Amino acid sequence: MNQANLLAQILEWMPFVLQGFVLNILMSVLAIAIGTTVGTFLGFGQISPNILIGAPAKLATQLFRNAPWLVLLFYCIFLMPYQVNIGGVMIQLPSWLRATIGFSFPVAANFSEIVRGSVNSVPRGQWEAAEALGYSRRATLFRIILPQCVTRMVPPWMNLYALLLTATPLSMIVGVEEALGRTQAAVQAQSDSRVLIPMYLALLAMFFLYTWPINRLSLMLERRFRTK
Amino acid sequence: MTITPNAAPLICLRGVRKSFGTFEVLRGIDMDIRKGEVVAIIGPSGSGKSTILRTINGLTPINEGTIQVGDIEVSDPKLDQVKLRHRVGMVFQQYNLFPHKTVLENVAMAPIQVLRQPRRLVEERARKLLADMRLPDKASSYPGELSGGQQQRVAIARALCMEPEVILFDEVTAALDPEMVKEVLSAVRKVAEDGMTCILVTHEMGFAREAADHVYFTDKGVIVEHAPPADFFTKASDPRTKEFLSKVL
Amino acid sequence: MITNIQTFFQDLASSGINLTIFYDAFDFDRFVTGLGNTLLLILISALLSIVIGAGCAAILTLSNGFAAAIVRGYIALFRNTPLIVQMYFFYFAIGSIMPVGRNELGLPQPLISSFSWAVLSLSLYSGAFNTETFRAGIGAVHNSYEEAALALGYGKRQAFFSVTAPLALRFSFASLANNLVDLTKATTVAYAVGVAELLYVSNQIWSDSLNTIEMMNVMLVIYLVLTGAVVFIINRVEAAMRLPGFGLGDGQ
């Protein structure tokens, strides 16, 4: 078989791999949505002066931030039921969905830290100034502190999304048919060791082309916010 | 402070120009400084005083003109940096001591690492210089443990330890609390009295008046006038000089 | 003493919590091997990644030419692609064109083991992040320090190594600790290429002994201890290298 044939053969498998990559994107979008929501609450919990809220929020954040993604993934795959009964309706939880939930935990913990860090980066004096003007703690947080934090939270949030996307192929290990799993299947089906390098390079390129612009944009935004 | 007026100058600037982007900081500077002379450069901030100093030891490359230090042509592209900086020492406004080295190491490291002089000899010299600067017991302290005035005196010892022929003092008292200005100025005076050629950029008019042999006044990148301090502070001719002096004196 | 512990965990097993690794010698051995491999992965990859990061940051600072372009390309590639795909690429794709030796039984055996590929891959991945950490540390050192060195006759390179780099290191610790925690967590990815590290052996143990939940909890605790230890060690090193009057906020 000559080079042209080899290339044609690889191209033939690309739609199959790309369909898998769509699942990577789907998992990452769902997980960032869940993780950001949960992480917002965890982050607010972390800065709460009430120890009954603060301590559990800090504990959960540290736990899910320091546990390996793969270990959290295993937890969700093995310990979550295959289907759940919500109000008499049985909902199937396919492995990709359970994996998505597994990814949401570390995302939530990381976002919780982003929230805490950006709130803490606002000088202490602003809290005092607001208090002197008669603002309540809650009003200070929502009307004065957070509006300054939101733009600052965007670049690290984008980095977190990029990190999440590049973590999604881990779900291949627990049997999710995403891009890496499909690349492996495609390589085995072709049983030709010459396709190995180009097939994996193509997969790397897919991730790179998706993630690189996100990280670049994040860097640009970060620079813009810093000079303001 | 004996100056032979006809001796060839040690440092000679001719038509020096320098721009940062579109802003021309130096617009044709001429200066002659003889060996052993103490020269003060004064002028409003942003007039290019510090830039003049930084061009003399090559920290700021120039766009036009020539700078001669002894037989060294500073703007020569094949310039031997080590040779130039061996001859020209510098003391900065912010001291710029190396915080990860002890006081003794700060003073001795360049002669050892750059000039490759034997450690024992250099350290002996460094200790003597620290004693001269009235800091004999601070050799093993870190710069962060010293007051600003003490740090600046270490910085002077560090410059002296290279055994230069001329030292550039760049607003060395500007970052100091008032009570420390005096101790640093008396250290500078001691260096000058020992015969070192000194070029000072300073805001301390009183010091310039009594310690300098010659005063240069710069404004907007040119030297407006220069004279011995006795004449300069009493018989300044240019209106810009008069206006400046009326503000600071 | 040891028999007491074994009896305790056997009793515990009959009450529903089956920690075979504490009473079954075979599971215990497997577990210790896995833990040892995980520690080795962390240790070797951490050292290599720090060396890579320091070297690349130095190149980025001192050179503008070809070498710096290569380093920038390397960082972009490794930061924007998944570690597990990188590891597969090295192990399966590059591994497929590597020479194959023979083991003592005469069977084919790759010259580069899956452990080595995992170390290489983890080091390069973490090294890209460390490069950015050290680069940011260098950026945090005010250039007046370099200038003072230049005024004393130091060359650019000499000033970098004697003055800027030691100060930059002190600005890098917080971010470095983060990267090494990530590296510690990332060693689990070596599971994917069959390195018998902690996750791999735990999986074997729970497959044989059907104690999935117990083993996962043990694993989780161990990783929390390991990441805690990494942070502790870096904090100790940072404290030992702290300079009077120099640090966050007052680096001039």
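Heads up, the Cβ atoms here are built off N, Cα and C, so glycines get one too.
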Q | transmembrane segment range according to TrEMBL, out of C:107-125, C:145-163 | A | C:107-125
Q | Proximity of the transmembrane segment (C:107-125) to the transmembrane segment (C:83-101), 3+ C-beta pairs under 8 angstroms | A | yes
Q.
Cβ under 8 Å, sequence separation of at least 6 from the ends of the transmembrane segment (C:39-62): give me the contacting residues as numbers and ranges.
A. 68, 71-72, 74-75, 115, 118-119, 122-131, 133-135, 137-138, 156-157, 160-161, 164-165, 168, 176, 179-180, 183-184, 187, 190, 195, 197, 226, 230
